[in-house]
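Marked as ATP binding site by Swiss-Prot on the basis of sequence analysis: 138-193. What Swiss-Prot lists as Mg(2+) 1 binding site is Asp265, Glu279. Annotation comment: Swiss-Prot describes Glu279, Asn281 as Mg(2+) 2 binding site. Residues or ranges marked as domain 'ATP-grasp' in Swiss-Prot: 112-312.
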Amino acid sequence: MSQNDPKIDVKALGKVAVLMGGTSAEREVSLMSGGGVLQALRSRGVDAHAFDPAHSDLSELKAHGYSRCFIALHGRHGEDGTVQGALELLGIPYTGPGVMASSIAMDKIMTKRIWRADGLPTPDWRLVSSSAETAQAFQELGAPMIVKPSREGSTIGLTKVTSLGQCEQAYRLAAQHDPEVLCEQFIDGDETTCPILGQGAEARALPVIRIEAPQGNYDYQNKYFTDVTQYHCPSGLPEAEEREIQRIVVQAYRTLGCRGWARADIMIRASDRKPFLLEINTSPGMTGHSLVPMSANASGISYPDLCLRILASASLDALQGRAGAAGGREPV
């Protein structure tokens, strides 16, 4: 796709608000994502403007004549269905999945339940509400175990627990961010991620990225603010493994009813090379360290053209019909 791609009429996109910042724990990252998207869209001739919901009421979007929104918000009140619901009421098309899919994907526990019911592989888990239950989960799931808030992103509030004595502190940290705490079996192996673009039968996976972080610690700092993490795209995985990851993430995306774009995180167990879905991000990062632009670039889509393509896919649940709002759950 190029600036002059006849499929996308830039003028028809109208006045665009890039929603960035917000009030979640991921505000800083969102501002970086939104700044990059804003610059990219303007470079393609889009009438794009920054809009921070932390400083302006969403109702102002209608009053100021915005015709669509690029959601570059991350975390709560950004990719959890709340902003999407407000935009539905305002009648302003927005990027990414709709209200229900966004809400479900933000909830890691609900997401895992749906994936498991659909036969998709995801690590065993327990939902806990106390440090004692966390200790019990550790005894059942074994070491190491991941403890994290059910509804946060960017590894915020996450602890890798290797001993029973760590359970209380790990629970307290996660519970600071969410009353629902997820204890998840740790999968030892290759960490990968894979973006998806499109909707329903047209949804397609982009190239897989393999991630190598220092001591396997792909935390908030290593994700966004250091250059020590290594990203491999092409992934270097056997072709059959890459195809299987792409097949699984597209099915996971469709099962949740996603549209527009998302990025799924997958671990490949070292012992038998089996892939396990960890979570799906419905408003992925678009910073200089972000992975969707990296994967898109490997498939020949530049950062500005990626932003333009995502923006052009903006829609409303109300425009989809019931089947479309559910993402068109066709078999893969």
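In case you wondered, yes, glycine gets a Cβ from its N, Cα and C as well.
Features recorded in Swiss-Prot, as mapped to the structure shown.
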residue : record                : contacts (Cβ under 8 Å, 6+ apart)
Phe138  : ATP binding site      : Met145, Val161, Leu164, Cys167, Cys183
Glu152  : ATP binding site      : Ala25, Gly75, Arg76, His177, Asp178
Thr159  : ATP binding site      : Ile146, Val147, Lys148, Gln166, Gln169, Ala170, Leu173, Ala174
Glu180  : ATP binding site      : Asp107, Ile109, Leu127, Ser129, Pro149, Ser150, Arg151
Asp265  : Mg(2+) 1 binding site : Glu191, Thr192, Thr193, Leu277, Leu278, Glu279, Ile280, Asn281
Which residue among the binding-site residues Gln166, Asn281 has the fewest other Cβ atoms within 10 Å of its Cβ, if you could check?
Gln166
Are there residues of the same chain, six or more positions away from Ile187 (ATP binding site), whose CB falls under 8 angstroms from its CB, and which are they?
Pro123, Met267, Ile268, Arg269, Phe276
Mind checking which of Met145, Leu173 has the fewest other CB atoms within 10 A of its CB? They're the binding-site residues.
Leu173
Is it possible to get the count of other C-beta atoms within 10 angstroms of the C-beta of Glu279 (Mg(2+) 1 binding site)?
21
